[in-house]
Amino acid sequence: MVYTALTWQRLHGTAAGLVPSHLPQEGEKGSTHPTPRPLGTTPRVTAHIEPPRPWAAGAEPPLPAGDGSARESSPFIGSAAADGDSLLEGKNMALFEEEMDSNPMVSSLLNKLANYTNLSQGVVDHEEAEDSRPRESKAPCMGTFIGVYLPCLQNILGVILFLRLTWIVGAAGVLESFLVVSMCCTCTMLTAVSMSAIATNGVVPAGGSYYMISRSLGPEFGGAVGLCFYLGTTFAGAMYILGTIEIFLTYISPGAAVFQAETPEGEAAALLHNMRVYGSCTLALMAVVVFVGVKYVNKLALVFLACVVLSILAIYAGVIKTAFDPPDIPVCLLGNRTLARRGFDTCAKVRAVSNGTATTALWGLFCNGSSLDTACNEYFAQNNVTEIQGIPGVASGVLLDNLWSAYSDRGAFVEKKGVASVPTPEDGRASGLPYVLSDITTYFTVLVGIYFPSVTGIMAGSNRSGDLKDAQKSIPTGTILAIVTTSFIYLSCIVLFGACIEGVVLRDKFGEALQGNLVIGMLAWPSPWVIVIGSFFSTCGAGLQSLTGAPRLLQAIARDGIVPFLQVFGHGKANGEPTWALLLTALICETGILIASLDSVAPILSMFFLMCYMFVNLACAVQTLLRTPNWRPRFKYYHWTLSFLGMSLCLALMFICSWYYALFAMLIAGCIYKYIEYRGAEKEWGDGIRGLSLNAARYALLRVEHGPPHTKNWRPQVLVMLTLDAEQRVTHPRLLSFTSQLKAGKGLTIVGSVLEGTFLDKHVEAQRAEENIRALMGAEKMKGFCQLVVSSSLRDGCSHLIQAAGLGGMKHNTVLMAWPEAWKQPDSPYSWKYFVDTVRDTTAAQQALLVAKNIDAFPQNQERFSEGSIDVWWVVHDGGMLMLLPFLLRQHKVWRKCRMRIFTVAQVDDNSVQMKKDLQMFLYHLRISAEVEVVEMVENDISAFTYEKTLLMEQRSQMLKQMQLTKGEREREAQLIHDRNTASHTAASRAQAPPTPDKVQMTWTKEKLTAEKHRNKDAGAAGFRDLFSLKPDHSNVRRMHTAVKLNGVVLSRSQDAQLVLLNMPGPPKNRQGDENYMEFLEVLTEGLNRVVLVRGGGREVITIYS
């Protein structure tokens, strides 16, 4: 190097006479420091974090609220608002000052990056519109228990538990019921694991499950799944309303029925008609409540949840009570057939009276008269009437009788196993007799379809994401705990029901053998009414919640605009309430109510929820297998095999429940998918397989041509700029090794190089060079494209590659090149000029630039680092690429065991403690694990080392401009000038008097003493003396000060790092200082082993929402 005579001692000493008087001396006031920024200001950030755009020309940046800081009001170093009296104001970061408007200091952004605020929608807007008083904006404050666990618990536990679980246990037996519940709970648990990975892959937006799914799956899948989720939620509302009416008409007020059955055979039809009438009225009432006062629905949610919890506690209390005091609940059997307790009170054929024997009311139901000699039903005549206990208790041993299934056909008798019965030929099996009959045909798959809705509701926590204090932590924890809790409740209830309740009572769906009482209510303690009233209010509340959530879901889909014919439903009242969406939801819900049967509606919503869960698992599996850069879930306990198993289980359950419903639901989802995908797109058919492949490639290229990818989907698509030697071999093969470690075979990689000359003369060399490059790419196992350009100059060839490499949307957004190590050597005098122009070209093309320094020291793919660190020095914020690179590198085996450390620089007036907290919070939201350190750079005086290094740099530059030398002579002449200058200063220093106290003694080195003894006494040296009287430019002094200071700080902490990533300052706007720019970068990275200089292009973004 030119400056070999400069020693480390000069960092601490000042050469006499070298520091001009206008520089601030030790103890003098060189600059004024403004008051620190108040810590209370927390700006709201609700979108992805991008580099801020420059302010309007001539305008001052807005002053943050409550901050009177002069520097904060003008955050750009060297701006017009800076203190004009101090030429060295902000000299610590002067190297980056020309781009401070677009790439601000990290310290000025950390507070905004870390302390984002979610915007909640829907209900909050409605409440604020209805309340005339001004509200203070409240930060999200819900924790895991209140915000996720309890809502999931309320949504999962519901109508099926109270109305159908005992019947499922009776029909399928304890073992098969256990299998049904285990399958469904396993399905939701695997889905919850996949959902947790998706929910923790970025900040969950305040829009709930649809936003989470659609932003992960894309518009096509997102729209299809979103509509399936909407239809499932809507039919869930119908199911809850039907459950509410069934409880009311069957167990609370049977006399309120509008339609009365004249015969026992007409009871089922009358019940369906009553369900339709009351269900429609209830739906209308609930829709009015949701339209008028949705805030009351949310305030009553805890009341409804309390009903559910109390009902479940009453069940467990009743089970415990049966162990020592079983209730007296007699059930009447005729032979082995269960009798419905209607029209008789005594379970006997005859009864004893004072003067003999008399027939009972039961006799009159089976015989033509009340006398003992009248003709009776043959089965009644040949079988005895017995009475058993309906709930014999836990200690009775009835569990063994209930272990196995007892499926039956529709209209079959509910019979007790093991009881003697004399079969008789029947004509008209029931014919109006008081038997308990099966109302539907039961088998395993039917019960799965009916039961599955009881495990849905796992997304209730993510629907409240905008109100959660820490959604990334609360959603996985609360959801999985809720599923574990409810799974335990369901599985334990299956065993307890089978151990406590007689089998015929379990199979009695409507409690006809118990005088029309709810079976699970008769088990509960202290009263059956606890269960009846609790289940009534819980199902009513669940229906209200469905009618509240479904219209908002439809409104979100409509506002996304992915399904054009639904856009009308995105509008609503002035306060944002989804009026039209509520109307459509009520109409769809009415179709479910007109079906009128809870057992028929349940499989429908099972299909839609299973479809939704299947795509959630698919999304997680695909994201994991693709390893996209934005896939960094904070929830680590997921694997693609679990997601694939969950997806397969969802698909299997769909066809188990009902194959024709499954095909119908998939057809709906497929039609929606294709409608969104091909909306406005032209289809073109090719000929044969080749034509199909070419058409698919063309279609895919046209799809990505329409615009740049969304910021969340940004990933580095790399153009690698290689240099070739005279034999067309790659000069730095490890640049390709580094590329393969960075890309890991994913995304686009273009390897480019330039040959100087004309294509007619160089086409053979070009082919040989391309073959060499492809062979090297194969050796490095790197998949990509090779593009070689022959150009009249290297400069133009590099520019052409940057502009034109790639095809259509498959274009690079990042340029990777090696640092020109020989830029000072005589044989490559223009290498620095090509390099600086390439930097400018990438900036103009809005492409990121990676410059690998000391590339030959980088590891090959076969090497492994067993320890060490990747150090990121984040000085200015230019889009977040610095954060993304170490994450991508650590996916490769070479760098996997390296830990990541992030350093950022604080100035004197920055609160470094708060900066560290903000940076840790920002990294937490980015899902990046790294050690964090804030380094304080004190604005001390510029050292003599910096001043003299700047002076020598400018003298060399000025001399080369004055002397018209040949290319080979320039470097040698510059070295000669440096030697003469050294000798001249040595002679002048000897003639001087001893230093005064305000001067600092120069430290002499052995090299300088040798130079003094053997100095060149050529008289021509005097001719250069006027050149050395120049004073260095103040801006160059400040830039060199930045480079020296920052280099010293980086060396002190990262000298032993395996890799250092550092912000790359932009080239000067004045092209006359290009060679100085190279010197600044050289000083900035001096002493570091492996360095990658990173310069953002403005489009790359790493976001907290990815």
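Yeah, the Cβs are placed from backbone N, Cα and C, and that goes for glycine too.
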Swiss-Prot topology check: Leu110, Asn630 same side of membrane: yes
Candidates Tyr296, Tyr316, Tyr613, Tyr637, the one Swiss-Prot lists with Gly457, Ile458 as binding chloride 1: Tyr613
Transmembrane segment per Swiss-Prot - which of 394-420, 529-555: 529-555
Candidate annotated as N-linked glycosylation site in Swiss-Prot, where the set is Asn118, Asn336: Asn336
Sparsest-packed among the glycosylation sites, when each Cβ's other Cβ atoms within 10 Å are tallied, from Asn336, Asn355, Asn384: Asn355
Long-range Cβ neighbours of the topological domain 'Extracellular' (498-528) (under 8 Å; 6 or more residues past either end): 162-167, 169-171, 173-174, 177, 247, 250-251, 254, 311, 314-315, 317-322, 327, 329, 331-333, 338-342, 388-394, 396, 398-399, 401-403, 406, 408, 414-417, 436, 438-439, 535
Residue pair Asn336 (N-linked glycosylation site), Asn384 (N-linked glycosylation site) - Cα distance, angstrom, rounded: 9
Model confidence over the topological domain 'Cytoplasmic' (623-636), averaged pLDDT: 84
Spatial separation of Asn355 (N-linked glycosylation site) from Asn384 (N-linked glycosylation site) - C-alpha basis, Å: 23
Three-class DSSP secondary structure - Asn355 (N-linked glycosylation site): coil
Intrachain neighbours beyond the topological domain 'Cytoplasmic' (623-636), with Cβ under 8 angstroms and 6 or more residues off its ends: 193, 196-202, 216, 472-473, 476, 643, 712-716, 744, 746, 884, 887-888, 891, 924, 926-928, 1102-1103, 1106
Distant-in-sequence neighbours of the topological domain 'Extracellular' (167-173), which means Cβ under 8 A and at least six residues beyond its ends: 180, 402-408, 442, 444, 447, 450-451, 494, 497-498, 501, 503-509, 519
